[in-house]
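Inspection log for the structure reproduced underneath, given as structure tokens.
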């Protein structure tokens, strides 16, 4: 039944998306790319653009041709297999990187969870509290670099990448000091929020050993964005796998071979995050390829702190809504079981994070990161002199002056993300007991998790759509729009419905997740409409004064 339901909904979604794309094609068939910086001699500029497009060749993906689109068979219109294959190859390194770093925290929770049900609930609540108040915020703050470093690299203002990186690290460090104080007093805060006393005490103990890792995590996310915007991909994958492998040994040793026990799991996370920072920092400093983008420390970075914050704070707000469910679960009866269930469902959603965020969302995050980084180049008139690992079909078509084809390529990315999410759903449907067993030995929790699999499947598919669209928004500098969408869909629709169903109608954890599904569905639909209706423009920065370092915010 689950397989039939998933296939039917995916097919219907594909038809709706194709219809929307067709409407856009007909509506925008005669439009060209709008130039923000127009000159009086617009006809001459368009001729120059056409000539330039003929000379430019993107190494990885060639721009589409409108005539070929009409010759595609029906199954090719559902999903362009060749382009989907290329997009997977481009996003795969990002997927792996996000998975490896998220697994560091996940492995620690698993080690703690096998010590007992209370330990699992405490580690889960601590991880969610750390996500809401710290890790999510760090990822959000670093999200500003996706726009700033991406535009700087595209405009060939290479020195500015290092300046932006330092400014972002300063911001992360200052916020880490404030957040670490909050983390130190986790127990009274969670008790004030009506969390179970024993779980709050256990979570507080776990949190205190995570404080050193918070500082490292902020630096880590900033360095990752710095490298990603320069299309440095494969080294990141290698350098993220090494700390994960070492972390498994560290966590096992601290939990079982020392007297730390439960707290050894969180301490292992902090150690592994600092190890990751040291490895990446040495790579940037010791590699010649970064001589232009990293020129040492500079006081100029203090001048760009507010520029960073203007994008960073809205970006941070994009990652919070999921974690509210854990706190709502802590208010229910039998909070240990409910909180543990929400955590296991949430892990499948929140792999990147934080992000931010899940196995399904990890796949989506890889695609969205590729879209985010590549869309930045539509704001700059640059020569494609090198292979861009982050470039998707969207950036190629926009660079070629084909906004219609760019949006069609975005539709392919969404379909691909949905299909990959379906793969996760099917694996979950056949192996949900195995997944639950990773977190707990309790038969009650495993059986309850099994009954929730259909709801989890719906939320994963909805999340796969909004993940790609959020990536496009980050790349375009639309973080503020996404914040408004999140506020309206999650906090005004999803969370109230979750509270109504979970508490008033006493559906417990199922009610919370149904509310999440409502919020996700509304968010995906709203972001799709915003993306389709927004004007995708291109900027020529070649005539600007490079001393002013223009930034599109």
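Using the three backbone atoms N, Cα and C, a Cβ is placed for every residue, glycine included.
Looking at the stretches 236-255, 336-355, the one that TrEMBL records under the feature transmembrane segment is 236-255. When the ranges 205-224, 385-404 are checked against TrEMBL, the one recorded as transmembrane segment is 205-224. A contact links the transmembrane segment (267-286) to the transmembrane segment (205-224), because at least 3 Cβ pairs that are 6 or more residues apart lie under 8 A. Of the ranges 205-224, 236-255, 412-431, 481-505, the one with the most Cβ pairs under 8 Å to the transmembrane segment (95-116) is 236-255. Sequence-remote contacts of a segment are chain residues at least 6 beyond its ends whose Cβ falls under 8 Å from one of its Cβ atoms, and for the transmembrane segment (236-255) they are 93, 96-97, 100-101, 103-104, 107-108, 111-112, 115, 224, 227-228, 261-262, 264-265, 267-269, 271-273, 275-276, 279-280, 283.
Panel annotation: around the transmembrane segment (205-224), residues 97, 101, 112, 122-123, 126-127, 129-130, 134-135, 138-139, 141-142, 145, 165, 168-169, 172-173, 175-176, 179-180, 183-184, 186, 236, 262-263, 265-267, 269-274, 276-277, 280-281, 284 of the same chain, lying at least six beyond its termini, place a Cβ under 8 Å from a Cβ of the stretch.
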